[in-house]
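Swiss-Prot has this to say about the protein:
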BINDING   66, 69, 85, 88  Zn(2+) 1 binding site
BINDING   161, 178, 179, 180, 181, 182, 183, 184, 185  ATP binding site
BINDING   785, 904  Mg(2+) binding site
BINDING   859, 862, 872, 875  Zn(2+) 2 binding site
DOMAIN    165-400  domain 'Helicase ATP-binding'
DOMAIN    424-600  domain 'Helicase C-terminal'
DOMAIN    779-935  domain 'Toprim'
DOMAIN    953-1221  domain 'Topo IA-type catalytic'
MOTIF     284-287  motif 'DEAD box'
ZN_FING   56-97  zinc finger
ZN_FING   856-882  zinc finger
């Protein structure tokens, strides 16, 4: 039994779980026999595949595409997602396709994998172990976990969980950034149970004692229900003393399979944990565990098997990479200016490069030699992760933790027309159903009370009214804060009251879709912009960007507004790149006076870099800040004008406090983030919530509310219009009109909120499968061309997408519109036409021209683009092929349910997409084409909808193949002719001083012409070359000149050699070119080099040319000619037919003499305007095919028509008196 061999390849510990699967799949051997019966020669398989393909469908051969041998394979097999060539599986492709479909129908993904295993074991037994490891074992392990989950819960894994499982079994470490309710903790508990049963040691790290208990119970429940043998140890602060002691003893001795603790245990016991040799580390809610310090990252890595010195080396490497890019940019700036410091910076850059190489080699050796644990970081938000310390994880484990998005919103916003007061808040809380409330007090409210004081008063008032409320602010002890949040999550606390601070723990860090139902704002969230800024304000990039953004909205002058918004936008981009960039910028401008800083706005970045002794990269940012300060100072120089503009704007208010004046603007970001706590993404979609904003009938407050509504509508749009309660709002003078929401409508909205929370509860309790919600049911891989586009697409759905560093590229991950989305880029074309075999890389198979492609690459030395070779044919350098990138894309494809090819929506993009499709290899995923015409949230969302998915457009692909073949057959052939005809002559005279008189003489064969002669200069020169005049003296070309600039003197000449006297592209004859030179009258021996100009190109064949070719081909097919060759000596005429059984008319053999041949030859050589004497024309002077003009004979109009329509052979037949047709 072939499947018995598969069982032998299963890693120890898992075999008892695999055997039932193999027993269920025993019928696959019968299916395999059906395929084996169609065995035939590989060439016959390919011929059949090509011959049976519709003529309208593109067909090609792709080199380096077989997943087994790495050889070439036909697109017929590759686009059938088989991925194995005809030599490795010499069976009928159509039968194989049908049987694979049947195997999947019977046994799912694992059925396909095992069927392929049986066939590979039969035909390619030497490669079966590699095939099992890469393709079969991931599916088998996923099936194991799936069946365990089914036995324990009655549910099967859903798509994202299958992706995580496949990724884990392949030995990857990775991060999971997925919404609450998508089953991260369930999946982690499940794989922990399976790994523990197989004898692998697992460490499950969680942030709280509550989660320790939950995970412990879940793992033990899985083990009990699925009959797994798993020894679980949990440790937390709430355990009895004796239980703690026993747990510590078992941990110290390693007497467990799965260990579950909080992060506090990790902090205090890391030395004990790093001795235990874990196989898998699961970090649940990673942002909570590493919040506030990166040292927990180091501790996790130590437990994974790394030494602290190695972790520090990884951190040093991440720091050096940033330093490298900074130095590189600075060096370019110094070199451009000719600054003498360039050599010092260049030496430092070399030192940094050397250290980077050493550290990369060290870490590569560590990862190869050390048996490190796999690490999985899980998070619903990821927002609080300290990215600088996590750079260590990127260097060691090739992935990054991302951050979730805040753009998803399903909220009804309601303006409550009432003076903010505890009583007003209580009324709204009761109207909203009490439980699940978040009350936010904005900062800088009118009055003397601070926001923190109001928070405490509100909480106290609600508690005295019978509503369980807790206050949370910066002064709340961490334990009380955690207790309040846990109580809110469990339903013991009704309401949380907090400050609406953009960085508050409730505003940014609360992700409880099952608990948070509604939000109440104790006034409109706002920011204040000082209209009389201090010097330290103007040197703060955040203040300048914020002030410019808000003041720009007040301006009616479109050009001025656009200018301010442009500067503010550039500053925001700098700020968002990271704290360290802002710190460097502030450090650079700190010593400068404001006047000096503003003067830098008009200076060149290179001058700024020299003045401040910084790199050009930072100098550009300093210039941007200086420009912002100048614009802001100019605008704030007239406070009365600013106040007048604010009055006209109707969306902001001016607030005066003593001698200080402030501009109050709505804080949209804080409002969106805070209200977003009641509308969270989970496995069933986005929860519905309510947001109430208390606002008094005061014009200044209403202006701020109006600004909030308008900016929110402009920035995000809204599915629901703002409403007002308990009455309508009509302020036409400021453009604010809101429709009243009735008590009945409000009650209906509250019911909708409750229904949504019940659905969340069922998903979290396992009573409702994620698939039953219709959302997040599938994992998708989107393939685009540009890396920037890939990053932008993922960023549309996530603040900071998770990143996986691939071999040759980067993949980005995010939850997007019901899909677990991974985006990767091809970085342009991945394949191109080879030069051989066939006719310039085009084969003839079964009466069809079939192009052959191979993987593209680029020479690391000369930059030459190379196809299918690891050695550059131009310079012999090493070629960096795209094979590693394609292998990585194959790995990603093996994890996905659906693959979306999102290359550019044109013929070239279609062809790139088709090439990638062919290189996907063997995959169980469905492959579709999707298009988008704008990289916006709306554009990508449309492309991700299933109704937008389609097949690759065969017509577009065929059009691009035709264009490329035409380029090769015509353009490439013409280019080779150019290489034969044009030669490059280089004459080096060596180092010469300025003022030297030079004479150069060229003696070249007759018929060779010098079409260009010039002096070339080195790369550092601003002028790369200068034309030099040649004179003809007898048989020689002569140059006489005095050089004004000394240095290395080199001349180059372009020679036109139509008769190829100097050789061709395959070799030249330099001895035929004689060069004599003298300097200041003294002969010198120049260094002379002659070579074909192989860098010349005839260019691409454009569409009109293709049209002409198609028209001529059609005429050729529709025109019948006799094909023959005439050999004439003397009186004997021999006709040799080039087609069988050609019947040659007797008249032709009688009249085709030497004179006729001479006439025809001259017309063939000179064309229809060829002229003849009367003697040359002979007996044809009287025919209608010739006419006489000025004593000479040439073809008549009738003769020209014959020549044009029937060619020279047709004219020959007419001259012989025989019909040309």
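Just so you know, glycine gets a Cβ as well, placed from its N, Cα and C.
All features noted in Swiss-Prot, drawn onto the structure.
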residue	record	CB count, 10 Å
66	Zn(2+) 1 binding site	25
85	Zn(2+) 1 binding site	26
88	Zn(2+) 1 binding site	20
161	ATP binding site	26
183	ATP binding site	25
785	Mg(2+) binding site	21
859	Zn(2+) 2 binding site	20
872	Zn(2+) 2 binding site	20
875	Zn(2+) 2 binding site	13
904	Mg(2+) binding site	17
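Here the CA atom of residue 785 (Mg(2+) binding site) lies 27 Å from the CA atom of residue 85 (Zn(2+) 1 binding site).
As a summary of secondary structure, the zinc finger (856-882) carries 0 helix, 12 strand, 15 coil according to DSSP. Counting every protein chain shown, the Cβ of residue 69 (Zn(2+) 1 binding site) has 16 other Cβ atoms within 10 Å.
Not a single one of the binding-site residues 185, 785, 859, 875, 904 has a C-alpha within 10 angstroms of the C-alpha of residue 69 (Zn(2+) 1 binding site). The Cα of residue 872 (Zn(2+) 2 binding site) lies closest to that of 66, out of the binding-site residues 66, 88, 183, 185, 904.
Per Cα geometry, 66 is the residue among the binding-site residues 66, 88, 859, 862 nearest to residue 161 (ATP binding site). If you take the Cα of residue 183 (ATP binding site) and the Cα of residue 785 (Mg(2+) binding site), they are about 32 angstrom apart, rounded to a whole number. In terms of DSSP secondary structure, the zinc finger (56-97) contains 9 helix, 4 strand, 29 coil. Sparsest Cβ environment among the binding-site residues 185, 862 (other Cβ atoms counted within 10 Å): 862. Each of 67, 68, 70, 71, 73, 84, 86, 87, 89, 124 belongs to the same chain as 66, 69, 85, 88, is absent from that list, and has a C-beta within 8 angstroms of the C-beta centroid marking the Zn(2+) 1 site.
When the alpha carbons of residue 785 (Mg(2+) binding site) and residue 862 (Zn(2+) 2 binding site) are compared, the span between them is 24 angstrom.
Sequence-ordered, the extra residues of this chain that approach the Zn(2+) 2 site, with Cβ no more than 8 Å from the Cβ center of 859, 862, 872, 875, are 860, 861, 863, 864, 866, 873, 874, 876, 877, 879. Among the binding-site residues listed (66, 88, 904), 66 has its Cα nearest to the Cα of residue 859 (Zn(2+) 2 binding site). In the three-state DSSP scheme, residue 161 (ATP binding site) falls into the helix class.
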